[in-house]
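> Heads up, here are the entries from TrEMBL:
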- 2-235: domain 'Nodulin-like' (DOMAIN)
- 55-76: transmembrane segment (TRANSMEM)
- 121-144: transmembrane segment (TRANSMEM)
- 150-170: transmembrane segment (TRANSMEM)
- 182-202: transmembrane segment (TRANSMEM)
- 214-235: transmembrane segment (TRANSMEM)
- 295-317: transmembrane segment (TRANSMEM)
- 298-511: domain 'NFD4 C-terminal' (DOMAIN)
- 346-366: transmembrane segment (TRANSMEM)
- 373-392: transmembrane segment (TRANSMEM)
- 398-421: transmembrane segment (TRANSMEM)
- 487-508: transmembrane segment (TRANSMEM)
Amino acid sequence: MAGAGATYLFGTYSSEIKTTLGYDQTTINLLGFSKDLGGNIGVLSGLVAEVTPTWFVLLLGAALNFGGYFMIWLAVTEKIPKPKVWQMCIYIIIGANSQNFANTGALVVSVKNFPESRGSLIGLLKGYAGLSGAIVTQIYLAVYGNDSKFLILLIGWLPAAISIVFVYTIRPLRPVKHPNEGRVFHHFLLISIVLAVFLMAITLTEKVITFSKAAYAGITTVACVLLFAPLFIAIREELLVWKLKKQPIIPPPTKTTINTPKGEVDKSKQEAMFDDKSCFLTLCDKPKKGEDYTILQALTTIDMCILFFATFCGLGSSLTAVDNLGQIGESLGYPNKTVTSFESLFSIWNFLGRVFSGFVSEILIVKYKLPRPLMMAIVLLISCVGYLLVAVPAPGTLYVASIIIGFSFGAQLPLIFAIISELFGLKFFSTLFNCGQMASPLGSYILNVKLTGPLYDREAMKDLTAKGLTRSQAKELTCIGPWCYRLPFIILTSVTFIGALSSLVLVARTR
């Protein structure tokens, strides 16, 4: 999962694509949408996972990852003729879609292996994916130096290599009840927070100190040690599980009969009768909330529609902010090195948002019976503050905005996935959780490509006209000033607020 978050680095290398291929901001935002489309349309990986073993899912994802990003690198380094825009869109869709295979292979299998800790587990795993940007950035600086063209190459081969190396270690296991399962996940959380704090300290230090390549090599080594530290906890706990397995186990009853009036059949026969029905015939015969829904049953519920709308508003706005973060820093006059710091800060707080929402929502729902959709509404309201700081910037506020946007963006994903698992069961979770995030690329397209990009280009054209230039005379269309993103982010704030209200509707329906 720590190698499955390369899509969050788009803001770092998008300016390289823009300069090398001579694109305007609308075209860059179209590429950003294509990246979001590929990264969030995970139905294919979900369906593949339903009928193939996990190792095949991971290997297919590795092939897509390398193929897509390697073609982008060849285009940016001009090793192939300049591709058309639609070709670049296909390359980035293929590359970004690979992360769904890593997500499906690692996350779904782990949730099924530890169903009673799903909130904490989803938060932890998605947290490492969110931290991926900062980890890959340090590796890139240590291996290639500060050349963003080689960053594209790195995110092409590194995640693919990780999937290949660990392909047989990720597999479904027979769940064994662990006496201290919660404590173990808290130990994992502690190590991950230490890693995040270390990366954040390095990121802030980079603003005042220029590290040598050897220094970056040392930093990357420490980061990798912290990344693999949970392995030792896992070995310790495997030994404990092995000892538990050696103890005699009283076998459970072989058959469960439902205590219902005379003439009723047992539970196993009921399930067999239900499974024999066509999925279309069971559309109106939906089970209770929390039981296993079929894919069509879940997708046709009002609850899923509300969740889709909240995802459209929340993740659509967040993805728009993420994809434009590099250009936002440029428009406000920050140097390129500082813009890279924004990306790393976003990545780290994205991680903290994910683990926070996963673990805290688990505590709130178990101890205080506060539902996850309520926390979703709170997170969306927090993100509105970050968007307003971009719309009305002051000196240094972009640091705060990147932290708030990163935290709120990260917090949304574990909540969405956990809500889906709680409402619709785990039987078809690999497909349903991928369906659940399909609304985010639609939101990204409307809010990013159709709204933010054109509004930015309109302001940039005003700058060109003021300088007495035409579009054909300028190599790239760039806007400098606090007004460049003001109107788009005011609109994003309004859309996200509406998404928060829709989450409250889901709270009422699932109370």
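In case you wondered, yes, glycine gets a Cβ from its N, Cα and C as well.
Whatever TrEMBL says is automated annotation, not expert-curated.
What you are looking at is a predicted structure, and each value in this text was computed from that prediction instead of being measured.
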> Which of 55-76, 214-235, 346-366, 398-421 has the most Cβ pairs closer than 8 Å to the transmembrane segment (373-392)?
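Comparing 55-76, 214-235, 346-366, 398-421 against the transmembrane segment (373-392), the winner is 398-421.
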> Using a cut-off of under 8 Å between C-beta atoms, tell me which stretch among 55-76, 182-202, 214-235, 295-317, 487-508 contacts the transmembrane segment (150-170) the most.
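Per the Cβ count, the answer is 55-76.
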> With a Cβ cut-off under 8 Å, give me the same-chain residues at least six positions beyond the ends of the transmembrane segment (487-508) that come close to it.
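The answer is 303, 306-307, 309-310, 312-314, 316-317, 320-321, 371, 373-374, 376-378, 380-381, 383-384, 387-388, 390-391, 419, 447, 451-452, 455-456.
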> Taking all residues of the domain 'NFD4 C-terminal' (298-511) together, what is their mean pLDDT?
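Over the domain 'NFD4 C-terminal' (298-511), the predicted model scores a mean pLDDT of 85.
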